[in-house]
Amino acid sequence: MAHAAAATGALAPLHPLLRCTSRHRCASVPPRVGLCLHPRRRSSSSRRTKLAVRAMAPTLSSSSSSSAAAPPGLKEGIAGLYDESSGVWESIWGEHMHHGFYDAGEAASMSDHRRAQIRMIEESLAFAAVPDDAEKKPKSVVDVGCGIGGSSRYLANKYGAQCYGITLSPVQAERGNALAAEQGLSDKVSFQVGDALEQPFPDGQFDLVWSMESGEHMPDKRQFVSELARVAAPGARIIIVTWCHRNLESSEESLKPDELNLLKRICDAYYLPDWCSPSDYVNTAESLSLEDIRTADWSENVAPFWPAVIKSALTWKGLTSLLRSGWKTIRGAMVMPLMIEGYKKGLIKFTIITCRKPETTQ
């Protein structure tokens, strides 16, 4: 499964069109009004930046028109998927709803997988060079697409930071807050239903912006990254760990038909809109004047994950839990072998992108 319900701006049944085929950009979808629970205060500099970004946007190919509407039903589909499946996931895999990080070529046992999920968090922090010292460590963190809050609670414990998580799933937000209370973290961690494309936070609030496997749910990747940057404080680090498709070759205008078909079948099950490539994310970050942009392909490091998920689903506990959960969860389980196929073909790239907001507004 993808990480916790990622908030999107789409309203209304999902039929992904996989329009992200340009060599340079993902399809750009106009943002919709989201579930903002608090009024946001936008600075004039933030508005100027948004205007500048729009002016910088390149002309998109006809296959990725910026005027195209987001897939209908996406928002409700994501929320419903995670309302159904989060309890199943937690009962089998625990509180972290994301891939684990393994040494390349490692043959992992079932006992290794929860440890690997913690390692994924630590490897991401290390890759982004997030400081540990008392003066520079993060003090305020936003977890965008927070699931049941495993990352938030881990970061709160690690740094002593105030952590705020948003998800489309009311079930996830409620469970995340309950787990925070059980772990004595209610004063440090809180979760709410919110929209990643219209976040319910003021400008410049967080010195660590965290998105662990939620970007793949976003219908407008540019708006997604722009919102991450908006809520980041000057100098803050932004970490995006997400599913991408491979970068296109210079001679290619789009993915191959069989590749598009494979991604569409995954999209239909997991409520995913357009995919984009790692280079699309880098280009977007550059256009937003973000600094110290780094990216890496961790596909080999997550290779043991999906076989382990399938193995756990085929246990008695897994099968009975799936049958009780609902059709969305069952459909997601049925396409898990397609994720393995996508990785093996080099089509799906498990990608980390990190960057930093400039200390001063340009």
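Each residue, glycine too, has its Cβ placed from N, Cα and C.
Taken from TrEMBL, the feature compositional bias 'Low complexity' applies to 61-70.
Secondary structure of the domain 'Methyltransferase type 11' (142-240) per DSSP, as helix, strand and coil residue counts: 37 helix, 32 strand, 30 coil. Marked as domain 'Methyltransferase type 11' by TrEMBL: 142-240.
Summarising the annotation, TrEMBL assigns region 'Disordered' to 46-71.
Residues annotated as region 'SAM motif I' in TrEMBL: 141-150. With a cut-off of 8 Å between Cβ atoms, the residues of this chain six or more beyond the region 'SAM motif I' (141-150) that come close are 3-7, 82, 86, 90, 94-98, 117, 156, 159, 161-167, 172-173, 175-177, 179-180, 189, 191, 196, 199, 201, 205-215, 217, 228, 231.
Within the same chain, residues 3, 6, 43, 98, 120-121, 124, 130, 138-145, 151, 155, 161, 164, 196, 228-242 sit at least 6 positions outside the region 'SAM motif II' (204-212) and bring their C-beta atoms closer than 8 Å to a C-beta of that stretch. Marked as region 'SAM motif II' by TrEMBL: 204-212.
Sequence annotations record features per position, and here TrEMBL assigns region 'SAM motif III' to 231-240.
Confidence across the region 'SAM motif I' (141-150), taken as the mean pLDDT and rounded to a whole number, stands at 97.
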